[in-house]
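Note sheet for the following structure.
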């Protein structure tokens with residue numbers, strides 16, 4: 001039986017027409033992709049990170065290809081939250097698609113400022129806190145590697161945000177479940193995982209790091225097994241929804257992430273290889289459900305442990 005709502009997903013604060021969205025940092029603000037297809041077809045868009053002030057990013061080279069993936073050390077280059085609200089978000093108002101705003105900062109005050117400002121934008125339905133940023137006031141340690149720091153950050157942002165808050169977890173921790181539980185305790189509305197793994201690539205001739213920053217975030221198919229494992233663990237430990245990401249490049253990957261416990265997924269690096277990847281997967285999802293003999297995509301959620 002044909003059911004037009006087979007892909008619809010309800011998350012705290014908003015509804016998705018399908019569970020597919022581009023991940024932050026791999027889609028910019030959608031401008032280039034809007035020339036290829038109607039952005040309203042997407043479940044949502046997670047826009048590029050917003051910071052309090054304009055950031056010019058790290059020195060080049062900032063990207064390096066690796067086996068089954070890529071490294072990036074972009075450095076959160078963006079025009080600043082005020083510009084994003086007044087220009088990029090305004091431009092996205094013409095599309096019927098929920099916007100999730102990725103929020104970053106050098107310290108807790110920065111996060112609070114950006115979250116308060118950008119949550120007021122009318123087409124922003126939720127925030128995604130990028131807690132993989134280095135805490136400048138705490139020796140550069142990532143917010144997302146200390147449960148207490150992540151708890152406090154989440155709690156403070158929740159107080160000022162008028163929209164649901166999702167926290168993007170770093171995989172570069174020894175206890176991802178402990179981190180997820182701390183963030184749930186701070187009243188986060190949801191989680192997104194995983195962010196990139198820290199990696200390095202060397203120039204074969206000089207033997208020196210290719211990236212000017214030396215290390216970068218590893219993404220792409222190489223990290224999918226890590227993402228699946230972490231989502232499998234976290235989804236059984238918390239009662240808030242997960243947006244899954246990390247190495248998705250085809251429709252079967254989407255099924256795997258939802259089977260592991262994700263409620264929706266975000267596609268990152270694959271957009272660089274095939275800019276149509278999100279809509280192609282959306283087009284293939286219903287056939288995949290037929291193949292698996294299930295009526296609604298939600299029926300697959302968490303089947304790996306049910």
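Each residue, glycine too, has its Cβ placed from N, Cα and C.
Here's what Swiss-Prot has on this protein:
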ACT_SITE  133  active site, nucleophile
BINDING   24, 48, 49, 102, 130, 168, 194, 220, 246, 247, 268, 269  FMN binding site
BINDING   48, 72, 73, 74, 75, 76, 130, 195, 196  substrate binding site
Helix, strand or coil: which one is residue 130 (FMN binding site) in, per DSSP?
strand
I'd like the number of other C-beta atoms within 10 A of the C-beta of residue 133 (active site, nucleophile), please.
23
Recorded substrate binding residues, 48, 72, 73, 74, 75, 76, 130, 195, 196 - maximal Cα separation rounded to whole Å:
16
Please report how many Å separate the Cα atom of residue 75 (substrate binding site) from that of residue 133 (active site, nucleophile), as a whole number.
9
Compare the Cα of residue 268 (FMN binding site) against each of the recorded positions 48, 73, 133 and report the nearest.
48
By CA-CA distance, flag whichever of 48, 49, 194, 246 among the binding-site residues is nearest to the residue listed as 'active site, nucleophile'.
49
About how far apart, in whole Å, are the alpha carbons (Cα) of residue 48 (substrate binding site) and residue 24 (FMN binding site)?
5
Does residue 196 (substrate binding site) have same-chain partners at least 6 apart in sequence with Cβ under 8 Å from its own Cβ, and which are they?
72, 132, 171, 216, 217, 218, 219, 223
Which chain neighbours of the substrate site, leaving out 48, 72, 73, 74, 75, 76, 130, 195, 196, have a Cβ atom within 8 Å of the mean position of the site's Cβ atoms?
25, 49, 132, 217
Tell me the coarse DSSP state (helix, strand, coil) of residue 194 (FMN binding site).
coil
Max CA to CA distance in Å over the FMN-binding set 24, 48, 49, 102, 130, 168, 194, 220, 246, 247, 268, 269?
20
Residue 73 (substrate binding site): tally of other CB atoms within 10 A of its CB:
22
C-alpha of residue 73 (substrate binding site) to C-alpha of residue 130 (FMN binding site): distance in Å?
15
